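First up is the structure itself, then whatever we jot down about it.
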Amino acid sequence: MLSGVPRATVSLQTLTHNLGALRSRLRPETDILVPVKADAYGHGVVATAKYLENEGVLWFGVATAGEALELRAEGVSSNIVIFTPVYNGLEDLIAQDVALSVVDLQSAEAVIRAASGQKARVHLKVDTGMGRLGEGTEASLATAKRLACARNVELEGLWTHFACSDEPDRSYTETQLGNFHDAVSALEREGLEVPLKHTANSAATLAYPESHFDLVRPGIAVYGYHSSPHSAALAPELTPAMTLTAPVTFVKKVEKGQSLSYGALWTAPEDTTIATVRFGYADGYPRVLSTHPAAQVRLHGRRCPIVGRVCMDQLLVDVGELDVQVDDRVVLFAPEGPTAEELGEAAGTISYELLVRLGARVTREYV
């Protein structure tokens, strides 16, 4: 393995731990669908999905046709659901037994046309308040009826997505849940029994057991992160599976008063030692954290500040009197800190974004 490259080390046992913690909250009849979209939230989709499949995961969720087909090409045989509507190339997805999301009559008709020679599995998305995809109960009922009378189409799932389930105020989520029950009842009154119902994201899996139905979809929680402090308090046992490190490529002494990096934003307040690290915003470190006090790495067990402007490929770290050598590795985020969640908060974003921004130049390693 190359030593002089940024590396995201994924603990497979931590994934197992998190999966077990989530399963312990479910009824025996409720299964877990693990979202592996966006390269498994930056953890590497193929290796992650194959490992979780061996751990008994029977369902995966993706966002694009390409993600679904990649998993099938790599030998993943568990159920796969695409969360967004697809209008082209549906024949390939149906042939690979990928379940498709339908959000309205237009997307339903696209699936029906493509399924003329083979059976298509469909999950109908109902908009209960997120407003992103799907329609309300009446329109969704019309779409469900159209699917039910189509040849070679199986209406396998009915689902929705919560907007506020990670917040302490439960009112909006309870309204959405009520709207979903209304949709289920409307279909049942027309004799349409849908085998699989699913609504719960990570936060709802933790906070709303009444939303579990047949499947839950805990995405970020499987990887050990939380969508909000409120959710974090509900499951402190979840542990981040990733440790992100990068190598030191240069070390030099800097005198008091010397300025460094673009814009000369930082000037050494005293004589010190600066380590150049092979990681930059092209690899996923937020440039907005330039000069931010939360911009720190851990090196030899000590937190050290990133100084100057974050560059495309490199960072500068004030290591003070530490004995640092080329090829030493700094920790950019890890369960022990700095954490992706604290960096995300400092950057005005969330851990999800930092994880999925990790580019192809970051090697994934599994332990």
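Placed from the backbone N, Cα and C atoms, the Cβ positions cover glycine too.
Going by TrEMBL, these are the annotated features:
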ACT_SITE  Lys37  active site, proton acceptor
MOD_RES   Lys37  N6-(pyridoxal phosphate)lysine
BINDING   Arg132, Met312  substrate binding site
DOMAIN    241-367  domain 'Alanine racemase C-terminal'
ACT_SITE  Tyr262  active site, proton acceptor
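Cα-Cα distance from Met312 (substrate binding site) to Tyr262 (active site, proton acceptor): 11 Å (rounded to the nearest whole number). Ranked by how many other Cβ atoms sit within 10 Å of their Cβ, the recorded positions Lys37, Arg132 place Arg132 at the bottom.
Assigned with DSSP, the residues of the domain 'Alanine racemase C-terminal' (241-367) fall into helix, strand and coil as follows: 19 helix, 46 strand, 62 coil. The two recorded residues, Lys37 (active site, proton acceptor) and Arg132 (substrate binding site), have Cα atoms 17 Å apart.
Looking just at the domain 'Alanine racemase C-terminal' (241-367), the mean pLDDT is 97. If you take the Cα of Tyr262 (active site, proton acceptor) and the Cα of Arg132 (substrate binding site), they are about 40 angstrom apart, rounded to a whole number. In the structure as shown, the Cβ atom of Tyr262 (active site, proton acceptor) sits within 10 Å of 10 other Cβ atoms.
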